[in-house]
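Okay, so here's the structure we're looking at.
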């Protein structure tokens, strides 16, 4: 279907089902039950799942296919966000021109940075991208304040000179972002018994875009261009010796992946029209690396999984505080309860970053292929048990 | 640490003046504090330039020490260590810990003093003061930061050793990207551990009173350059550590073997020397260097849990500019970039190219990487692609 083989079609359909039904899937617990805090089906978080999914898919096109580890990808996300907010300020509150501009701007930036950085490979490439990203971050904080509004971050205000549209609505408030009149924040709530499912317009826009770019990334992975990038990853020297100039290919991958990041930034700003410099900091770049590695670099679905996983834990894990822990272990004897709470507490709530770090180290050490490889190992193990010791064959094939 | 105990007589300035902004940059003192207002502007410009060089030296010292450790690790083990900033931070928190330990106190009821309600006042006495007497004990508490050097060395060597044996040794054969990733993860974990125990706020750790004033360095040459004493101490200390490392590598048998191993690991191994063991020791030493840089940096900038990350990025840039694997290159580039950075933050230069102070280091790094990828002093053929 659509020029994909059977496996890829299944995967795309799976992702489509997951994203479209996310309000149900992420809301398995009734609203008034004690487990309701594990529900992730609220618009804000669901939007972030898919947006960072897009970001990670884009990063994976560069890192997963070519092996070039960029440590400055958040710069493109930031550029995207700023462009989108400026579009809202100057042109219209419609998200389409904003997203288009953010993709284009990020593409231009990626072209410039990539042209310089890709002259080197390996760790030098990482450090060059890191240097460029830190430069953008520092500039956004200091000299470029007229454009970026420095530490406060760029926001909409009541006197924005909007060409197509009004500066203020009739009741004197800032207009909201929309898609031809459909407000991004409008949410339809469906109450079924004790459950409340929320369907948000912004989320579905992001999800549709995610599906589109996921399809695009499948096509890139399976194209001759993708094959060329994989060849660069496995042995660039040999490619050069055959008389082939690899740089246009890697540059193209870099720009595409930068545009994905710009798209993610534009969507972030479309959902919530503000942009701050901290989106460009190198820890933000580290986060997308984490997502991709955790999910499985070089696999198609890995980055999406990784992004969802990290964003879920960031929001849900970090909400668990001491009293919640006490209520969980409340059934146990007092001494044991306190012991368990003190043992678990450093890893949840404010300390969830620690869990993330540990998990990350474990994944890099034991599962370099990320969650996808973990899943494959488990399925292979189950099959080998069923088949009575036959040699396991993996089902989905990582790109490497 | 002979350089530290120089003079303990209290200087004319006892409190730290508002000379340092929140980025740790020295702001030149306002003109009214100058004794001689009739100095001609030429001398003033000279002063400003010297002041910037001094400013650069102390920041450069920190860069140089961290970059030296990074290079030691890269040169010996071939590992790109993103957790090195975390080691710097742990060193700083060694100082915090020692200060807290020394301030552990017990309460006594002092009948001679009363509070405003007329109750007997509770007086806290640190154990140290009780053991050594108020004079000696007070001095020990006051000198907590320099004392922390002794406290930090064994801890840092142990941390480095444990890191290398526990985690990093499994990554020698894996690609650099994997090394970056695993050490990045480790850095997050170390940061969070520190944050869990010490909180997220910066913790004030003052320098000893005798060293916390300012000194007029220009007095000898007839110029007026006032400068915090501790920053001078920091610079001298870093020279001492750098000198120590270099002479250790140059003049001891152990150092000779390590240098041989850096040049050709396999051959040294074939000669029947257990080079891995020595490299592990070098990792410990590199960790100690980063830790010491952190210990001594605490009075300049109150330590918080992410201070390491802030320094790490810059230190990596420093290593690359100096040349991967070149120890003198790391030191040279550290001081050079520190000085460049402080010159770029001069108002005269900022008015020509706004924002240059924020990006100068990165710009230099980009230029160096593109024109001379092996760095200022890197050997030909080492990591050049």
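Quick reminder: no glycine exception, Cβ is built from N, Cα and C everywhere.
As stated in TrEMBL, the feature transmembrane segment covers range A:201-221 out of the listed A:159-179, A:180-200, A:201-221.
Transmembrane segment is the annotation TrEMBL gives to one range among A:354-375, A:376-397, and that range is A:354-375. Against the transmembrane segment (A:49-71), stretch A:288-313 shows more Cβ pairs under 8 Å than any other of A:12-29, A:91-116, A:201-221, A:288-313.
Count of Cβ pairs under 8 Å against the transmembrane segment (A:91-116): among A:123-144, A:201-221, A:248-268, A:288-313, A:354-375, the largest is for A:248-268. Ranking A:123-144, A:201-221, A:288-313, A:354-375 by CB pairs under 8 A with the transmembrane segment (A:248-268) puts A:201-221 at the top. Distant neighbours of the transmembrane segment (A:201-221): 2-4, 8, 11-12, 15-16, 19-20, 22-23, 43, 46-47, 50-51, 53-54, 57-58, 60-61, 65, 95, 177, 179, 182-187, 256, 260, 263, 267, 270-271, 300, 304, 399; these residues of the same chain sit at least 6 beyond its ends, with a Cβ under 8 Å from one of its Cβ atoms. Residues 68-75, 78-79, 82, 113, 116-117, 150-151, 277, 280-282, 285 of the same chain lie 6 or more positions beyond the ends of the transmembrane segment (A:123-144) yet place their CB under 8 Å from a CB of it.
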